[in-house]
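Data block below; observations after.
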């Protein structure tokens, strides 16, 4: 009888995540009738943030993807407007981690396009991108945003090049990347950044794992293993370790753990099964949990990672009879902390044209906020501007608390200037938009005059949606138009409720401060 190496005495090991379980959404909370792409590219085809869900769709002539409100669940209208500016099939999409209204897409037409999504969603077909990046000579298969620098985008194509783009420039069409990395001899299969974005790891079809400086492109290490063919690579937070998923020499699916400082030999190799689907690894640095989901599988395995041997501890797996084509992952700031949710997948089920949210939950009896499973996490504020990063500055992510009512931690004195410049640039491309970050900035402002001036300026603006004046919009003529306006109105109501909740929290904070000041006055007089 053989015992798997992944089950090192799990019954004797104490862990608060031992009983994490997956909870699939009800049919009413799924997205039904989505024409998911039939592309065979080994990507996730789905991207999520707290406001929108984007999914690459099948369409005739060119490439397109859908952008839906996260709250727009249920049956999706087959004539729902799309983002359709590419001339070839879209292969990958990624939301900007610092702007919920900005998404990048790459395509077989050799271009990368960056899109500005209107605040109420896509109400008509969007064909004009905010930025058009033209530098690759063959189809672009993969894109990644820099994790801490604002408006820095990486792309790689079938011309074996990795290109770095700076979006902080006035040109709409950018033909010259900041830097081109040419170390690869074949197609790049995956890219991953370390926590502060100073290092970039890649896997390539030539079976090699490469570790390089992300800014200069200098190659630091290059490794390959005769017993492991790496497909996907992932930095494991601050543990200084890399995880790769791929196949063994006997074509079994396999994961391998590597020391970041020495890639000569893997620390650990573990065979999983004999299936053929690509293994997608996902890592949560806050809980140190690793999730492995296979393309075409119905199950998702999850493990806990430690810095000491045996490094990887198998927990359990979520099982389903519905196979997944790809998985989108909700950022931590979009999770439901009241139900102890620590991770959320959006599972693409092609055979049913369905997108199924899947919450990973830590079972707790208490309904209060659980600080031990929600440490400070990376927020939606950039740590450095594009110019600062290109000049040689590396900074870790700006952390935020997930506790309801808390604000993003201000760790740098120039944070306000960075946010203001970002809002200014966004307002130029989307006039009349009142962003959530701008609202938060208003709530934090102590000067009443500035508040009143800003509110007057906001009232003087005319709301626009997709470039159209909402006040001049004609009444809906069809059922589809009526439905779209209804969903737009629901989103506006939700946003206003969000604003009211934030104001209530701010009022309570101010009342508490006043009470503390009153209590401290008698003591100071003594």
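Backbone N, Cα and C define each Cβ position, glycine as well.
In TrEMBL, annotation is done automatically, which means it is predicted and not curated.
What TrEMBL records for this protein:
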- 479-520: coiled coil (COILED)
- 444-461: compositional bias 'Basic and acidic residues' (COMPBIAS)
- 10-74: domain 'DUF1899' (DOMAIN)
- 404-430: region 'Disordered' (REGION)
- 444-475: region 'Disordered' (REGION)
- 83-117: repeat 'WD' (REPEAT)
- 133-175: repeat 'WD' (REPEAT)
- 181-222: repeat 'WD' (REPEAT)
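Residue counts for the domain 'DUF1899' (10-74) under DSSP, helix first, then strand, then coil, are 6 helix, 24 strand, 35 coil. Helix, strand and coil counts from DSSP across the repeat 'WD' (181-222) read 0 helix, 22 strand, 20 coil. Sorting the repeat 'WD' (133-175) by DSSP state (H, G, I as helix; E, B as strand; all else coil) yields 0 helix, 22 strand, 21 coil. The DSSP breakdown of the repeat 'WD' (83-117) into helical (H, G, I), extended (E, B) and coil residues amounts to 0 helix, 22 strand, 13 coil.
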